[in-house]
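What TrEMBL annotates here:
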- 6-28: transmembrane segment (TRANSMEM)
- 98-119: transmembrane segment (TRANSMEM)
- 115-187: domain 'PDZ' (DOMAIN)
- 211-280: domain 'PDZ' (DOMAIN)
- 383-412: transmembrane segment (TRANSMEM)
- 424-445: transmembrane segment (TRANSMEM)
Amino acid sequence: MSLLDYILPFLLALGILIVVHEFGHYLVARLCGVKVLRFSVGFGKTLFVRRIGPDQTEWALAVFPLGGYVKMLDEREAPVDVKEQHRAFNRQSVWRRIAIVAAGPLANFLLAIVLYWGLYTGGVEELRPRIGAPEAASQAEQAGFKDGELIRSVDGRAVETWQEFRWQLINEAFERRSITVETINDSKEIAFRKLDLAGTVVDQGERDIASQLGLRLHRPNLPAVLGNLSADGPAQAAGLRSGDQVLRIGDKAISGWSELVQAVREGAGQTLEIEVLRDGASRIFSVVPTVVEESGRKIGRIGVGVADAEGRRERMFVTVRYGVLDSLSKGVRQTWDTSAMSLSVMGRMIVGEVSVKNLSGPVTIADFAGQSAKMGFSHYIKFLALISISLGVLNLLPVPVLDGGHLLYYVIEIIKGGPVSERVMEIGQQIGMALLAALMAFAFYNDINRLVAS
C-alpha cells in the first residue's frame with residue numbers, strides 16, 4: 001500500500017468526525033439562540049470561506065485539518081452591540097452553556113450509534129468464534145478445548161463473533177477473575193470449561209488475551225486446489241488453471257492451502273517453480289509473484305483463489321444482521337460498552353495497571369484507517385465508529401481546553417453559585433494545553449516506536 005492509501009482514509013475519517021463534532025456545538029448553539037460567527041474545519045491559514053444564513057456565519061476550511069472549532073458571539077473576546085448581547089454565549093444560563101459544550105461529544109456518540117445501526121441493519125460479516133487446536137501445554141489445552149469447537153457464551157453472556165469473545169476476555173482480564181466458557185462441537189456436544197485470567201496481561205506489544213491462554217482462531221486447511229484466477233495475474237499468465245492441485249513450490253512439498261499461501265508470500269519477486277497435478281499428470285510452471293506491500297512488509301501474490309472457498313467461508317464467517325430496533329439497541333450497547341472500556345483503560349493507565357504504551361497517536365490511527373479501508377467498507381465504518389467514540393470520550397475528560405474542562409467549570413459554577421474567575425480559567429487553560437501537548441507527544445513517541453519495531 002502506498003502512503004496515500006493511509007493518508008486519504010485518515011483525512012476522510014478526521015474530516016467526518018470534526019464536522020460532526022463541531023456541528024453538534026453549532027446546532028445546539030443555534031437552538032439556544034446564540035449567534036455563531038464561524039464554523040471552521042481545521043486550524044491555521046484559511047483556504048476557503050463562505051458566509052451563509054441570516055447571521056452571515058463564516059463556514060471555513062483551514063490548512064491544518066487536525067481539529068476544528070465553532071466561534072460564537074462572546075463579550076469576553078470582543079465588544080458586543082447592546083442589541084445582540086442577549087445572543088452572546090457568555091450571557092446564556094449555565095444549563096444552556098452546558099448543553100452547547102456537551103453537544104460536541106454527544107454528536108460523536110450519536111454518530112457511532114448510527115454507524116453501528118446501519119451496519120447491523122444491513123448485515124456485517126464477522127469471524128465466527130470457532131477455535132483452532134490450542135497451543136501445547138497452554139491453559140486452553142489443559143482446560144480441554146478442542147479444534148473446531150464453537151464458543152457459545154462467556155459466563156452466560158452469548159457470543160456471536162470472535163471479536164465479541166476477545167472483547168469479553170479483555171473485560172474479564174481487567175478484573176483478574178476466572179471465567180466459564182461454553183462450547184459446542186460438530187456433534188452438537190456442549191461443554192463448559194474454566195479459564196483463569198489472573199496471569200494475563202492487557203498491553204500493547206503483548207500477545208492478545210486469547211493467544212496468552214493458548215486459544216487461536218480456527219483456520220480449516222483446505223487442499224491446495226486452485227479456484228478462480230485473476231485475468232491479469234501471474235498464475236494465469238504462467239499457464240496455471242482452475243482445478244490444478246499444487247504439489248510442490250520450489251523444494252517445499254505443499255499439503256494444504258495455508259502452505260501454498262505462505263510459500264507465495266515469501267517468494268515475492270522471485271521465480272517460483274510450481275508443480276501441479278492436472279488430469280492425473282504432473283506439470284511444472286514458473287511463476288513470479290507480484291510484489292505488494294502489507295503492513296510495511298513486502299509479500300508475494302499470484303492472483304489465485306482457493307477452490308471450495310465458500311465452504312471454508314461458511315465455517316469461518318457469520319453474517320450478523322438484526323431488525324431495525326434490535327440494530328439500534330445493539331448500536332447503543334456497543335457505543336456504551338466501548339466508552340466504558342475506554343474510560344476504564346484510561347483510569348488503569350493513571351494508576352499504573354495498564355502501560356501508557358497503549359496510547360496511540362495520528363500515525364497509528366492513520367495505519368488503522370488505511371488497513372480498514374483496504375479490508376472493505378464495513379471494516380472502515382467500524383473503524384470510524386470506534387474513533388468517533390474515542391473522540392467523544394477524550395473530549396469529555398475534565399481537562400481545561402477540552403469540552404470536559406469547560407463542563408467542569410460549569411459544575412463548579414452551579415455549586416458555588418457564581419462563575420469561575422477569569423484568572424483561574426487562564427491558569428487552567430495553560431495547564432490543560434501543557435497536559436494535552438505532553439499526551440500528544442507521548443502518543444507520537446509510541447507511534448514511532450511501533451514503526452521502528454515493525
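Note that Cβ sites are derived from N, Cα and C of the backbone, with glycine treated the same way.
What you see is a predicted model, and the numbers here were worked out from it, not measured in a lab.
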Grab the same-chain neighbours of the transmembrane segment (424-445) for me: Cβ-Cβ under 8 Å, and only residues 6 or more beyond its ends, written as numbers and ranges.
356, 359-363, 399-402, 405, 409
Contact set, same chain, for the transmembrane segment (383-412): CB under 8 Å, 6 or more residues outside the stretch:
13, 16-17, 20-21, 94, 97-98, 101-102, 104-109, 111-112, 115-116, 119, 334-335, 338-339, 342-343, 346, 365, 368-369, 372-373, 419-420, 425, 428-429, 431-433, 435-436
Per-state residue totals over the domain 'PDZ' (115-187) - DSSP helix, strand, coil:
27 helix, 20 strand, 26 coil
